[in-house]
Amino acid sequence: MAVRWLCSLFGKPFDGGKRMDHGGPQQQQQHPMEQQQPYNLQHPAMMRLYEVQKEVASLGSQVCTFSGLQNDRDYKRLERELTRLLLDVDQVDTEGKPDLQGARKRAAQEVEGLLRYLEENATHPSRLAIEDLSNEARRLVEEYVVAPQRAGGVAEINDELVDALQKLVLRLTQVKTEGRVPLRKARYRALTRLCAVQDVLEGRTQQQMLSLPLSGDTHEAVHCINQVMVKVSVARSQLVALLMGLSGRDSCAHLSRILTEMQVELDALDVSGNAAIRNYRKQVVEEINGLLKHLDLEGEGEDTRRYDLAQNNSIREIEAVRAHVSHLREGILRHCAMGDLSFRPKADLQSLLMHLDQVDTAKNPCIREARRRAVVEVQAVITFLDLCEALAHRQPGPNEHPSHRAVWMVLGSLSDLQAQVLGFDGKRADKSYMMLEELLTKQLLALDAVDPQGDETTKVARKQAVKFAQNILNYLDMKTDEWEY
């Protein structure tokens, strides 16, 4: 292995040592300048470069999976050690020999490449976007959950907080990683923690709806369970603070010990013969278990299979559905281009929607987003078929309101544009994308200019047409946002 690597430093293929045999046929045919031994593997310079290579190999795997920022302790350590190796390489004495100089140069380039990769990922716009979204989530959790608990009050968990966190989850899933492992890892770690906070908060909401705690007069064990309930409430806020990086003193291991001690305390209670108390204790134990399952996130994201979803079975199912939708969509557009509206595979499309509904997302937000996007693709084709059918069967009466007729004219134009959007396979920088976006916007303006003149039917039709046009724009936007797993 050492010989193979040293050969790579000299830019020469490793041939098992055949070229090292003096006096062989190959040696006799070589150019006179090549008959001399290009380097000596026992040379002090080569041995030092080999030692550096071993350290580079060890650090390389760490650099390639580092997902933090420049101010992280591990970043500074890796940067410091790589800089030291670069200085070590620079101090290798090549004695002016070209081969040794070339080997030293390539070793230096390898270290410099790792330094660049480390910095590029830590300062990448997507990495900074992940951090900004995480900070936004921290501010929400600090305001609504952690700060009230620290002040001796009760966490304020409401729909506003839940909706805000859900929006942040969606925005995180849409951060582009360009296939870089560190960025995928950073996004996955941020998502897992935020989703864990969502689960904890949902558990708190469900617990608030229960008729707990019970009266202490019911059973002597109830007083003890009620005390544990208070501790669980405190532990819940501590867990949320840990997950969001808002706790400087506590650790997952420490909180895990506290929760386990609560379980032991509950398990030791004698509640035999009283079903109500047993159920009460069971509910509290289940809540503790619900908190414990989120305490294994310390090493979450170390396994690439968790955040690289290309081989995930659910993703494969979704991709299979998308491939089927693409095939049906091409067939529909081909028939429509020929004026044939008989090809209407709505039953197949509805079946695909049912299939997507059954895909197991395992509460993974990226898989949920992939499924949502696939559903939008299916629904876009269905709405196109529905509009084509409505336009084909439209029979306006002689007394149709002029404004109502104007709305239908816009819908006819939208149908043509939607066909182009369904078949569009370019990027946002393409002229065809800009043209479609401009034409769709013009249709929205045309609808806005329609005066219903008090006609209720026209009001409803115009409202539906505006929504339809906006959905087409959103679909075009989704097709070109270069989203990835």
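Don't overthink the numbers, they just go from 1 along the chain as shown.
A Cβ is built for glycine as well, from the same backbone N, Cα and C atoms used for every other residue.
These figures come from a predicted structure and were not determined experimentally.
Quick look at what TrEMBL annotates:
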- 25-36: compositional bias 'Low complexity' (COMPBIAS)
- 51-122: domain 'BAG' (DOMAIN)
- 252-299: domain 'BAG' (DOMAIN)
- 349-389: domain 'BAG' (DOMAIN)
- 403-480: domain 'BAG' (DOMAIN)
- 16-36: region 'Disordered' (REGION)
DSSP helix/strand/coil residue counts for the domain 'BAG' (403-480): 64 helix, 0 strand, 14 coil
Helix, strand and coil totals (DSSP H, G, I; E, B; other) for the domain 'BAG' (349-389): 34 helix, 0 strand, 7 coil
Across the domain 'BAG' (403-480), average pLDDT on the 0 to 100 scale: 93
Structural state census, the domain 'BAG' (51-122) (DSSP three-state): 58 helix, 0 strand, 14 coil
Within the domain 'BAG' (252-299), residues counted as helix, strand or coil by DSSP: 37 helix, 0 strand, 11 coil
